[in-house]
Amino acid sequence: MTKFVFVTGGVVSSLGKGIASASLAAILESRGLKVTLIKLDPYINVDPGTMSPFQHGEVFVTDDGAETDLDLGHYERFIETRMKQANNFTTGRIYQSVLEKERRGDYLGKTVQVIPHVTNEIQEFIKRGAGIGTPDAVDVAICEVGGTVGDIESLPFLEAVRQLSLKLGPNNSAFVHLTYLPWIAAAGELKTKPTQHTVQKLREIGIQPDALLCRALHAVPEEEKEKISLFTNVAEWGVISMWDVDTIYKVPRMLHEQGLDGLICDKLRLNTPPANLKRWDDLVYETEHPRGEVQIAMVGKYVELSDAYKSVNEALKHAGMQSHVRVKITHVDSETISDDNAAQQLAQYDAILVPGGFGSRGVEGKISTARYAREHQVPYLGICLGMQVATIEYARHVAGLQGANSTEFDPATPHPVIALITEWKDEDGTIKTRSENSDLGGTMRLGAQSSDVQPGTLAHSIYGDVVTERHRHRYEANVQYLDRLRSAGLVISALTQREHLTEIVELPQSVHPWFIGVQFHPEFKSTPWSGHPLFNAFIKAAVEHQKPAAKA
């Protein structure tokens, strides 16, 4: 039978529920349990696909094409289980499902209400995410409830998990509550009152936490833990300190040493071997003992919020560990770059990365960035839009196609080397269509798709014969211009297996040591254990470029 752990948060948002949930999952997985994670988001958007990265950080894409919360990226980087659409749902998706059932007459004329219809639907979605009744059923499903206890948006989710816990019966569910202990500098002490109040609010709803994860700058003193235990009705060994650390990969060891996994296994009556966190210890050692450092310029438009490029940042760090170097990432606003100042802005970096994005703002700066990297032999990795701007730059300045552009940025361009694809097939063979007038939500080429890689190319040395990666984009390289670009020397090194759409472009290594653009998003498949072959190769190229002979 699948057991459940429900993770909630109080006092303030952004405490790290995702990291805490993923860390607990990693420890339980090291005990030999099959684990999955589910994220419940209380906002009314159907998914985060149309939300600004400034609002919500990056959109993480799963193999099955779901646009999900960035926490699912943490989940995949911490445990072996791959996430699916069922692992993330929102208030919007719940209401969408309830209303569809109401229109079909599934409720047999009843008045549709939050309780029981919405809360029942939430419970069904949770069970679906845990794979109950299928071969994918897990031993433990950890459900992270987004938002903060006390917010009106979270109430249906909290009521639903309370009811589900009751239905599951004793020893089949546990509650973990993440809270915050502010440090008052003037008084020189941690304050526990907000924690007392948030647990009180949770208990008013009918939920008694089994463990408290107390976020603070430093480890919480024992006397404060005793006080928290007394006023929250949580056993003292269930009051666990979570202090700030310099790498998130220290959190599993931190929680294990304070007995969180033992407490959960005892509550859920799980008889397992002891946790083995050696690979986490090795990972932390690698991050703390680099043998060098490389400087990477990430040129984008959402640079004010690092979470907008969360998976890219993590993939670069993973690749650094594979090459035993620390990767120092500098986010450069593409709006500040032009042909005139690109050298001044970018000369100090060992490699340049242009990540994905949407809209025309800052695009010319990205095109100037690609030109600088091409002309100055700097390793360049373009992801999604980064590939497209590299293609536009090459068309303008090498292929002689003056005014070349994407129809996304200039619908009247004389040379639309990047254009909207109107029909394609998904991995399962489903035909999809779209136009300029299509809704923004759910109308992109999404999820894992495979491409054939041309032998003798840089891409082939990285991927082999076939590459399968995740996608999230509307615009593609225009097939009508591929022959002209090839004639001008651009290598089209990978095409999709069905529509023969461009997936990878590169420069011959006789012309440039390492210049590649990919239409997909490789960052979503990087893990701290092995990195990702494309990012690993990119960081190796940065290390090579750093050598004096390469600079000369």
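Cβ from N, Cα, C; glycine included.
Pulled from Swiss-Prot, these are the features on record:
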ACT_SITE  C384  active site, nucleophile
ACT_SITE  H521  active site
ACT_SITE  E523  active site
BINDING   S13, K191, T192, K193, P194, T195, Q196, K227  UTP binding site
BINDING   S13, D151, I152, E153, K191, T192, K193, P194, T195, Q196, K227  CTP binding site
BINDING   S14, L15, G16, K17, G18, I19, D71  ATP binding site
REGION    1-270  region 'Amidoligase domain'
REGION    432-451  region 'Disordered'
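Shown here: features listed in Swiss-Prot, placed on the structure.
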residue : record           : Cβ contacts under 8 Å, 6 or more apart
L15     : ATP binding site : G9, L178, T179, Y180, R215
G16     : ATP binding site : L178, R215, M242
K17     : ATP binding site : V7, T8, G9, D71, E144, G146, L178
I152    : CTP binding site : none
T192    : UTP binding site : L181, E224, K227, I228, F231
P194    : UTP binding site : G10, V11, T179, Y180, L181, P182
T195    : UTP binding site : G10, V11, T179, Y180, L181, L212, C214, I228, T232
Q196    : UTP binding site : I228, F231, T232
H521    : active site      : V61, S311, G356, I383, C384, E469, R470, H471, R472
Subject >> Farthest-apart CA atoms of S14, L15, G16, K17, G18, I19, D71, residues recorded for ATP, distance in Å >> reply: 12
Subject >> Mean predicted confidence [pLDDT] for the region 'Amidoligase domain' (1-270) >> reply: 95
Original post:
How many neighbouring Cβ atoms, not counting its own, are there within 10 Å of the Cβ of S13 (UTP binding site)?
Top reply: 12
Original post:
Counting distance between Cα atoms, which of the recorded positions K191, K193, E523 is nearest I19 (ATP binding site)?
Top reply: E523
Subject >> I152 (CTP binding site) in three-state DSSP notation >> reply: helix
Original post:
Distance between K191 (UTP binding site) and S14 (ATP binding site) at the Cα atoms, whole Å?
Top reply: 19
Subject >> Integer Cα-Cα distance in angstrom, S14 (ATP binding site) to E523 (active site) >> reply: 23
**OP:** Take the Cβ of D71 (ATP binding site) and count every other Cβ within 10 Å, whichever protein chain it belongs to.
**Re:** 25
**OP:** List nothing but the largest Cα to Cα distance in Å, as a whole number, among the residues S13, D151, I152, E153, K191, T192, K193, P194, T195, Q196, K227 that the record says bind CTP.
**Re:** 30
**OP:** Under 8 Å Cβ to Cβ from G18 (ATP binding site), same chain, six or more residues apart: give me those in sequence order, or none if nothing qualifies.
**Re:** K39, D69, L70, D71, H74, Y75, E144
Subject >> Cβ atoms near K193 (UTP binding site) (within 10 Å, other residues, all chains) >> reply: 11
Original post:
Per residue, counting other C-beta atoms within 10 angstroms of the C-beta, which of the recorded positions K191, K227, C384, E523 reaches the highest number?
Top reply: E523
**OP:** Compute the C-alpha separation of K193 (UTP binding site) from E523 (active site), stating it in Å without decimals.
**Re:** 41
Original post:
Counting other Cβ atoms within 10 Å of each Cβ, which of the binding-site residues S14, I19 scores lowest?
Top reply: S14
